[in-house]
C-alpha cells in the first residue's frame, strides 16, 4: 500500500515518493515565541507529529525540522510592553511551547533551530540573492525582487497580475514594487539588531525558514508543512527565495492544515476568541484534546465546542474501557477455544483498514473509526464463554500500536480500593438524598473503570470486572 498526499502545489493527491529511499526530509513552520500558544497554534504540531509517526511506523527515517522565530515585530512589541529584553521573552515562551506540545503527545523535532542562532546563514542567503540580482538594498533594508522570479504565485494559484493589483507599499517602505517583500529590515532606534553588509538590522520572517530548511535539510526537501494561513504569503515567498537561489525545487509536497473555529469564526489572537493550550489542559486531559483534533481530517476546519469535546471524550473512554477489560481478562483467560483464527483474521482486517485510511492523505478521522471497530469487536469477543490469551494479547497489542501511531496513550490509572469505597459512600449519600441522577452517574463512571457494583440487602458490594 502506497501513501498518497494532497499537495497544495498541484491541488491533487499524489503518490508519496521521497527523494531518498526510506528517508524523509520534513520541515514544519514553528511558532513565533512571544506568547503562549492557543489550540489553533497547536493543531500543526499535533497533525504533523502524527504524519511523522506514521511515516516512521512505515519504516522511514524522518528528519523533522521545526523552527522557532525568536526575533520579530511581535517579540519586540512584547519586550517594550513588559520592560524585558527579547531573548528573555523568547526563552520563556520556547519553554512554555515545549511544555504544551509535550503534554499534547508531540515528540521533539530532530532539530528545533532558532533564528537568532542561525543569523550567519540567513545573512549569507540574503547576500547570495543580492549577488544574483534577485534582491536589492534600499536605505538599509533589503527586498526580494519578485518580478524576477517567474513562478511567483504558483503555490497559492494566484496570477501575479492579480496579486500586484491587491498589493500596496506601506508608509516607510522603500521597495520598488508592491509585491516585493523584506529580506532584511534596518534597525529602528532601541531595537535589537545584528551587524550585516547593509548595516544594523534583523531578518524578515520569510527568509528565516528558507535559510534554516536549506541548512538542516538541503536544497530540496520532501515535505513542507504548516497552517493554511501560511500558504500565502509565507510559503509562497519561501519558494521564491529558495528556488531563485538554488534553481531547484524547494519542496516536493506542500501540506496545510485547516483552521480551528470558535462559533464558526477562525480562532486568532487578533480576534480575541482564542483558548490557550496551557489553560485548557488544566481542564481537560491533553490526550482528549489530541484525540479530538485527530477526529477530523487535517485539511478540514474544526469547530471547537465543549459539547463536541465531551462527545469525543465518551468515545475515547469506550475504547479505553475495552482496553482495560482486555487487560483484566488476560489473567483469567484459557486457551480452550478453537476459534482463534477467525478473531485474529478480523483483527488483521481492522489493521489493514487503519493503514488504508492513513495512506489516504493521513485520514486520521477514518483511522479512528477503526479504533472504535477494534474496541467493539473486543467487547464482542469478551462475551465468549471461553477466551484465549493469544487473541486477547493480539487485541491489546493492536490497540497499543494504533494509539502509538496517533501519539495517544491507553494506560488508565487503576482506582485504589479506598477511592472506590469513597465513591460508593458518596453514592449511598446521593441515594439517601434521592439524588438518583448523581447515584446513577457514579455507578456508570465506576462501570467505565471496570468496577461492578451490586446492591444487596447487606449493602453495596463491588468487584473488578
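Yeah, the Cβs are placed from backbone N, Cα and C, and that goes for glycine too.
These numbers come from a predicted model, not from an experiment.
Among the features that Swiss-Prot reports, Zn(2+) binding site is placed at 29, 209, 234, 238. Long-range C-beta contacts of residue 29 (Zn(2+) binding site), restricted to its own chain and to partners at least six residues apart, with a cutoff below 8 Å, comprise 44, 66, 67, 209, 225, 226, 227, 230, 234, 235.
Mean pLDDT for the motif ''HIGH' region' (31-41) in this predicted model: 95. Sequence annotations record features per position, and here Swiss-Prot assigns motif ''HIGH' region' to 31-41.
Marked as motif ''KMSKS' region' by Swiss-Prot: 266-270. If one looks beyond the motif ''KMSKS' region' (266-270) by at least 6 residues along the same chain, the residues whose Cβ comes under 8 Å of a Cβ in the stretch are 35, 38-40, 259-260, 304.
Under the DSSP three-state reduction, residue 269 (ATP binding site) is assigned to coil, being neither helix nor strand. Around the Cβ of residue 269 (ATP binding site), the same chain contributes 35, 38, each under 8 angstroms and 6 or more positions distant in sequence. As annotated by Swiss-Prot, ATP binding site applies to 269.
On its own chain, residue 270 (phosphoserine) has no residue at least 6 apart in sequence with a Cβ closer than 8 Å to its own Cβ. Swiss-Prot lists 270 with the feature phosphoserine.
Every protein chain considered, the tally of other Cβ atoms within 10 Å of the Cβ of residue 234 (Zn(2+) binding site) stands at 17. With helix defined as DSSP H, G or I and strand as E or B, the motif ''HIGH' region' (31-41) counts 3 helix, 2 strand, 6 coil. Long-range Cβ contacts of residue 238 (Zn(2+) binding site) within its own chain (separation 6+, distance under 8 Å): 206, 209, 210, 213, 224, 250. DSSP assigns residue 234 (Zn(2+) binding site) to a helix in the three-state reduction. Cβ contacts within 10 Å of residue 209 (Zn(2+) binding site), excluding its own Cβ and spanning all protein chains shown: 28. In sequence order, 205, 206, 208, 210, 224, 226, 230, 235, 237 are the residues of the same chain, not among 29, 209, 234, 238, whose CB sits within 8 A of the CB centroid for the Zn(2+) site.
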